[in-house]
Amino acid sequence: MISHALFCVLVTDSCSSPLISSLPQSSFQSSSQSSYSYGAQQAKINRRDGAGGWSPMVTDREPWLQLDLRERMEVTAVSTQGRANSQDWVSRYMLLYSDTGQAWKQYRQEDGTFEGNTNAEGVVQNRLSQPVRTRFLRLVPVDWNRSGWIGLRLEVYGCSYKSDVADFDGRSALLYRFNQKSMSTVKDVISLRFKSRQAEGVLLHGEGQRGDYITLELHRGKLALYLNLGQLRLSSGRVAVTVGSLLDDQHWHTVVMERFNRQVNLTVDAHSQHFTTRGQGDSLEVDYELSFGGIPLPGKPGTFLRKNFHGCIENLYYNGINIIDLAKRRKPQIYSVVRRKTPSYPSSPSTSSSTMGGFSVRFQFRTWNQEGFLLGARLSPEPHKLELSISNSRLVLSLHSAGHKAQATAGTRCPVSGCRNPTISFQGCMRLISINGQPISLQHVQQGLLGNYNELLFDTCSIRDRCLPNLCEHGGRCVQTWSSFSCDCSGTGYSGATCHNSIYEPSCEAYKLMGSSSGFYSIDPDGSGPLGPTQVYCNMTDERVWTVITHNTTEPVRVQGSSVLQPHIMDLNYSASSDQLRAIVAGSEHCQQEVVYSCRKSRLFNTKDGRPLSYWLDQSGERRSYWGGFLPGVQQCSCSLEENCVDMNYFCNCDADTDTWYSSTYRLGVSCLNNCLVLHSLSTESLWNSASFYQDSSYLHFPPLHSELSTDVSFFFKTSSSSGVFLENLGLSHFIRIELSSPSVITFSFDVGNGPMVLTVKSHLPLNDRQWHHVRAERSVKEALLQVDQLPLRFLQAPSDGHTRLRLTSQLFVGGTSSRQRGFLGCIRTLVINGVTFDLEERAKLAPGVSPGCPGYCSGSSSLCHNRGRCIEKSSGFACDCSQSAYGGPSCKEEVSVSFERESSVTFTFQEPFSVMQNRSSQASVWREREREREGSRAREDMAFSFVTSHSPAMLLSVSTFSQQYIAVILARNGSLQIWYQLQSDRAPDVFSPVVHSLSDGRLHRIRLHREGRDLYVQVRKYRLSSASELVLIRSLTLGKVVRTEGFPEEVVQAGARGFVGCLSSVQFNHVAPLKAALLNRGSSLVTIRGPVVQSNCGALADTLSSHNLLGKTLTFLLCFFTVFIYLFIYLSIYPFIYLSIYVFIYLCIYLFIYLFIYLCIHYVIYLFIHLSIYLFIHLFIYLSIYLFILSIAGWHTPSTGVSNQASS
C-alpha cells in the first residue's frame, strides 16, 4: 500500500553556489570550543567576528566541526581558511557526511584526506571528484600548524537536490504493470539510489515464460545482478554478477544498469563491471509486470519468494519512466503488495538474564580481520570470567573460573588499570550494543557519562573494502585486513605484491641465456602486460633458437570433392591465442608456417578465369595465394622460384594435372589453409636491441608512461662513467627516475604524492667496469623494489593510506633528462617497461649523440659463451665467466665430472649471495618468504645433470629445506628413475617414474627437470604436482650418500644409505653448480665433501664410449649382413672360381677397413677385445665358407647328388 512509502520532492539549481553563508548559528556544532568567541558559529569563511574562526579546546582529543545544511543538498566543493590574525590553521582534514547527523561516512579522496591550509588567511578549495548528496557535513582536523593550534573557517559549495524517495519497510513491494501482456526490450536502462541497514533484500525483479529473468538484489552487502536472455533454466542454477561491497551501511549508493542486446554495464557508485549475459537471445522478455522491493509469488497474494528490501530508494527510473513519481501520483500502472502478517501466539514473559543472576549481551560487529578480542566480562561468583573473541575467522566463547579481574570491554583485552599494548586487539565496527537487555548509549560513553574508551570513532564506521576495486592484477585474489590488503597469486602465473610480474621468461632466447636446453617451456611474450603465458617448444641450437607453437591439426587431412562453391576450409587452433601469436611474431626475427601439400590431379592456380583454387589467410585476415616464399601477389610456388618444376609450363607441380602424387612443403605466414605443420618462430632479437650514448646531453625520448598503479622497468647497461641518469619521466609534481648515482650505487626514486621515495642498491664491486649489468625496478600500490644483477633485492613498503596513482605528463627520457644534464654515457640494452620492449635502435638513428647498437664482442646475439656463461669484455677480445655454469673451459662447454664411491657425497649449503630469495637477514625478507610460500605460482626449480653407473638403488641428488620439504632423484632397485617431491608436510609426497627401464647400465644418461608451479617437466614429458608451494628456506643440496634422512620415506632412505657409485657430470640446480663448487672451493664452509671425490673426464669418456658402441653395433651388423650376402652369392654361382677371386678381394678390403678402424681406436683397451674377436670370427667364418665352397664344387659334377647335398647343407 502507498501508506508504506514516504515521498518528497526537491528542486535542482546550479551546483556551485555557497551553501553556508546564510545558515543560522544553530546549524554549526563542534566537539568543543575554547570559548564562546571561538565557537563553531564563527567558522564562516572570511569572517572576523569574535576570535575570527573556530578553535576547539586544547584538551579535545577528537575535535570536529559540524554543519547542518537544513535539507539534503548536492555538495561539489569545500573551501577552508585559518583563524584570522593567528597562527592557527588546519593543514589536513577528513570530510564526513550524513543524512541524519548520527551515522557518518567518510568521503574518500585518493588517500582519504584533503589538503588544507599553509597560513591563516589563504583560502584553499577542494573540489569533490564525485558530488555528495547529504544534509550534514563534519570536518575532522587530521593535522594542523604545530606552531599554533587548530583554527578554521570554511565554505561549502553546491546546490539543492531533487529527489523522489520511497521508504520500504521490509514487508511490501511496488509493482509496475505493463500495458500489454509482455514487454520485450533490446535495450534497458535502470537507475536508482538506495540506502539500507540490511545486507539482504530484493530491489528489482521481472521474468518471462520463455526463461528470461532479471533480478537486482542485495546479497551479503553486495549488489548482485541475475540476468538471462532466452536460456532455459534446466541447465544450471542462476549465476550472479556482483559489484560493490559494504552497501548495508545506511548510506546512499548509486546504481546504473545499462544493457544493449547481451552486453551489460553494471555500475555501483564509482565501480563498474562489463559482461556478456547468459542465453542465446538479444532481447529481454518480461511478462505482465516488474516488482520493486520484493518478489511476490504469483497466485498467492502477500507471499514473497525472497527477502524484501528494507530501506530507502530514490530516483528509481526504468527506461526513462519515474516509477516513484507514478506511485506518488497514484497512477493505475503502480500498485503495492504487502506481506501477510504471521500469526501470533501467546508466549511466556521474558526474564532478564540479570534477574536470574546471569549475563547477556547483544551487538552487531563488522571486521576484515581473522583475529580479535570482542568482549570480556567478570561474572558472579568471582573469579569466573567470560571472553568472546574471533580466532581464525570463527567466534570463540571462553568461560574461565580463575584468573585476573576484568571489566566488560568491547574491542580489546584491557586490565582494570587501562589498555596497554593489547595483544589481540579488535579492529572493526560495532553497533546496537545492549547488555542484559538494556541498550547502551554510545553518546553517553563519548561524553564520559558511561564507562570509558580509548582511540575510538563514534557515529561512524571507518571500515573500507580495500579489495574494491581489486588492485591485484592478472586474476590475483585479493585478501584484506582492517589496514591493508595482499594478493594471492596462486595459479595465475604471476608473482609480486600485486601479481604484476610474470614468473615465466618472455621468449625461448631468454631461457637459453639462463642455460636451459631444448624442451617445452611456458613463455609470457609481453611480460607483465595483459597477455597470459602460453606453452611452446624451444628448439635450442648453438646458432639459433626456434620457438615452435603447436596446433590441433598436424596429421594429414585428405581433401576430396571440394569446389569453389563448397571449398574445404581448415581452421587451426594454436596453443596460443591470436594476441599471443601476434606478440611472439612481432618480437621474432623470422617466422614461418610450414604446409605440406600433396596433390594428384589437384590444381592450385591453373583455372580458366585465373582465380586461385586455394589460399591462406595472413595475420591480418587477408587472403594470400602465393606459396613457398614467393612474392606476394604472384600466383606461383617454390618450384617456379627454384626452377625445378616437373613441367616448366606450369608454375606449380600440382597444376600439371598429372596422375602422379607430388608433395611440396610451403612456408607461409601465421595462419594457413590446407594441411599445416607447427608454427616456427626464430627467437627475438629484441634481447639485443641497444643504443650507445656518447654525449652527456644526448637522450632518446618516448611518449610518457601511462601506468598509474604499477610500473616495472628492466634493462642492461655498461659504462665507464661514474654517474648518469638511465631513465626519467616527470609530471606536475610526480616523477620516476633510475640513475647511476656513483660508480657502485644504483638509485631508484619516485613520487606519487606522498613525498619522494628512494631505493638504493650498493655493489661491493664497481659497476662502471664496461661490463653488462642488469637493473630491474618496480613500483606498485603495495611496494617498490630494486635489484641489480644478483645482488639482494631492496624493498620499500608503500603507505597503506597514501596516494597510489603515478601521473606523468612529460616525455619519457632514456639516457638523459629533460634538463639535458647528468646524462648517461655508455650503452643501454633491452629496455622493457611493463612488458613492452622499446626500440632503442630505431630512435637512435634520429637522435644526436646516440648511435644504434653497442660496440664490443658481447653486444650481439651470437652465443660466445654457453651454458649460462657470461661474456666479459676485454681490451682485445672477450672471456667467458663460467662461475654460474656447471661447465668449464674457455667457452663454458667442457663438462665438469666427478667419480663417486659408495661413501662419497658432496653437500652444498645455501647462503647469500647464491640464493637471493633466501635472504633472512631482516624481518622484511622473512615476511617475503611467507608471502612466497603462500603464492605458490612463483615456485620454480631447474635441475640438470648427467650420470653413469652400474649400481642400484642409488641416490643421485637430494635437496632439503628447513621447513621439512625435500626433492630426491634416485634409482630404484630395478634401476628405474624416480623423482620424489615433498612440498607440504601434511600431504603424501609426489612420486614420478619417467623412465621405467634400468638406467644402471653403465651408459651415459642426461636428466633435466624443470618445475613451474604445479607443472613438472622431465625431459619433454609433463607431470602434475599435488602442490604449487615453493621450497622455503633451502638448507642444502647433496650428491651421493645422504647422512641426514629425517622425514624421508623408506625407499629414499635406502637409496640415500647406498649412496652413488659412478660418475656425475655437469650438475646444475638453479644458479648453483655444486660439483664446480666442490672442486674449486674445497675449503669453503658452503661445501662439505665426504669420502673419495675425484675429478675425472668420466662424463666425456662415457659419452664417447656410447657413440663408439653405437657405431660398433652398426658396423658389426653391416659386416655380418654383407658377408652372408657374399657367401650366398658365391655358393649359388655357376662360376665359382671367378667369384672366389672376387670373394677373396672383398674379404681383404673389409678386413683392411676393420683393421684400420680398430687401429685408430686402439687406445681404448676394450677395443683390443673387440679387435681380436672380430679377427677370429672372420677367419673362422671364411675358413668355413671355403670348406663349404670346396664341397659344393664336388657336388657340381653330379647334378642329382648336388641337389641332395645342397638341400642337406
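Easy rule for this one: first residue shown is 1, then count along the chain.
Glycine residues also receive a Cβ, built from the backbone N, Cα and C atoms like all the rest.
What TrEMBL lists as domain 'F5/8 type C' is 8-159.
Annotated domain 'Laminin G' per TrEMBL: 165-342 (among others), in sequence order.
Marked as domain 'EGF-like' by TrEMBL: 463-500 (among others). Confidence over the domain 'EGF-like' (463-500), given as mean pLDDT on the 0 to 100 scale, stands at 89.
Residues annotated as domain 'Fibrinogen C-terminal' in TrEMBL: 499-551.
Taken from TrEMBL, the feature domain 'Laminin G' applies to 689-854 (among others).
As annotated by TrEMBL, disulfide bond applies to CYS827-CYS854. Neighbour list (CYS854 (disulfide bond), Cβ cut-off 8 Å, at least 6 residues apart, same chain): SER690, ALA691, SER692, LYS718, CYS827, ARG829.
If you look up TrEMBL, you'll see 855-893 (among others) marked as domain 'EGF-like'.
Residues or ranges marked as domain 'Laminin G' in TrEMBL: 915-1098 (among others).
Under the heading transmembrane segment, TrEMBL lists 1110-1130 (among others).
Per TrEMBL, transmembrane segment is recorded for 1137-1158 (among others).
Residues or ranges marked as transmembrane segment in TrEMBL: 1164-1190 (among others).
The domain 'Laminin G' (915-1098) is in contact with the domain 'EGF-like' (463-500), judged by 3+ CB-CB distances under 8 Å for residue pairs 6 or more apart in sequence. Listed as Cβ neighbours of the domain 'EGF-like' (463-500) (distance under 8 Å, sequence separation of 6 or more from its ends, same chain) are residues 108, 244-246, 271, 366-370, 427-429, 522, 524, 528, 532-533, 709-710, 712, 778, 780-783, 800, 804, 931-932, 934-938, 1013, 1028. Between the domain 'Laminin G' (165-342) and the domain 'F5/8 type C' (8-159), three or more CB pairs separated by 6 or more residues in sequence fall under 8 Å, so the two stretches touch. Broken down by DSSP into helix, strand and coil, the domain 'EGF-like' (855-893) contains 3 helix, 12 strand, 24 coil.
Cβ neighbours within 10 Å of CYS827 (disulfide bond), excluding its own Cβ and spanning all shown chains: 23. Secondary structure of the domain 'EGF-like' (463-500) per DSSP, as helix, strand and coil residue counts: 0 helix, 10 strand, 28 coil.
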